[in-house]
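So that you can see what the record holds, here are the features copied from Swiss-Prot:
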- HIS107, HIS111, ASP293: Fe cation binding site (BINDING)
- LEU129, VAL130, SER131, GLY132, GLY133, ASP162, GLY175, ASN265: substrate binding site (BINDING)
Amino acid sequence: MILSIESSCDDSAIAITEIATNRLLFHKKISQELEHSVYGGVVPELAARLHAEALPRILEECNPYFKDLKAVAVTTTPGLSVTLVEGVTMAKAISIALNIPIIGVNHLVGHIYSLFIEKESYFPLTVLLVSGGHTQVMEVKSFTEIKTVAKSMDDSFGESFDKVAKMMNLGYPGGPVIEALAKGGDRKRYNFTVPLFQSPLIAFSYSGLKNSVRLAVEAANEEDFKDIAASFEHIATAHIIQKLKKYFKEVPPKTFAIVGGASANLYLRSSIEELLKPHGADLLLSELKYCSDNAAMIGRVAVEMYKESLFSDLSSLEVCPKSVI
């Protein structure tokens, strides 16, 4: 068994995964959304303090598994440095106390493996990662062979939802709030421009769209917000679809996956499903409960790393807020 810890942002989570079967034996997550919502976003120091309170409480529930643990895994990158440290400090203590190896896991690779929680993995895949911190397309051959072929030049897909929600004083996180509001709105009322539409670049950019929405919000009444939300969600998604169309002309998709917290957006999911139909490509999706940050996905990567004896050095293991894959 492997115990895995996730604390890269505002979710405190611990999981226990069986190595031989990939079975998830335990998983608990304590979200900090309520505490951060009053600030309109994550406050790093508050997040770290809440992790320091929540992680030990969850760990107490894992006592029955301690005697059977073969390794401890923890997210080390990317994320908020002050919150990553909380998880790594706990993982190091467990490693020393139980005399078991420690495995440092890349959070982004974890999101890819959210597709395979309690399942066997299979590759190659073309993966779209959409979250609060990242928007990128990757060609994935294994957990060690990942090539990024397109990424955001500024704001991410998920981050833009958070910022638009903040403009409307709708709280945090913005993704679910904007998605719910958009369902009752007119997607074509506001003619926002699709970012980088004329550009040959296969890349993403949300800063310009965000500014256009800000101007619309400032000129609107509250009853207009649902139409703004719907129009924004439509264009934010159309931007991804347009760039994927360009990429698919160069590299036709065979098996395509969407991962990350913002992959829970049902409009994005259905739009990509329609895009893939002419290609006859398979679409892989994480279960909705595993789209956001969780320790089960970290444990699933760690199982693969354990089998390859890819352990971290306890004395030199450090956090890295920024990571590129």
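Glycine is treated like the rest: Cβ placed from N, Cα and C.
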Apart from HIS107, HIS111, ASP293, which residues in this chain have a Cβ no more than 8 Å from the mean position of the Cβ atoms of those residues at the Fe cation site?
GLU6, SER8, THR75, LEU108, GLY110, SER114, SER131, GLY260, GLY261, ASN294, MET297, ILE298
Where does LEU129 (substrate binding site) sit in the DSSP three-state scheme?
strand
Looking only at C-alpha atoms, tell me how far ASP162 (substrate binding site) is from HIS111 (Fe cation binding site), rounded to the nearest Å.
20
What is the total of other Cβ atoms whose distance to the Cβ of GLY132 (substrate binding site) is within 10 Å?
26
Does DSSP give HIS111 (Fe cation binding site) helix, strand or coil?
helix
According to DSSP, folded down to helix, strand and coil, what is GLY175 (substrate binding site)?
helix
Please report the Cα separation of ASN265 (substrate binding site) and ASP293 (Fe cation binding site) in Å, rounded to an integer.
15
Around the Cβ of LEU129 (substrate binding site), other Cβ atoms within 10 Å, all chains included, total 26
Please find which two of LEU129, VAL130, SER131, GLY132, GLY133, ASP162, GLY175, ASN265 have the most distant C-alpha atoms, given that the record lists them as binding substrate, and give only that distance in angstrom, rounded to a whole number.
17
Going by C-alpha positions, which of the binding-site residues (HIS107, HIS111, ASP293) is nearest LEU129 (substrate binding site)?
HIS111
When you measure from the Cβ of HIS111 (Fe cation binding site), which residues in the chain that are at least 6 apart have a Cβ under 8 Å away?
LEU129, SER131, VAL259, GLY260, SER286, MET297
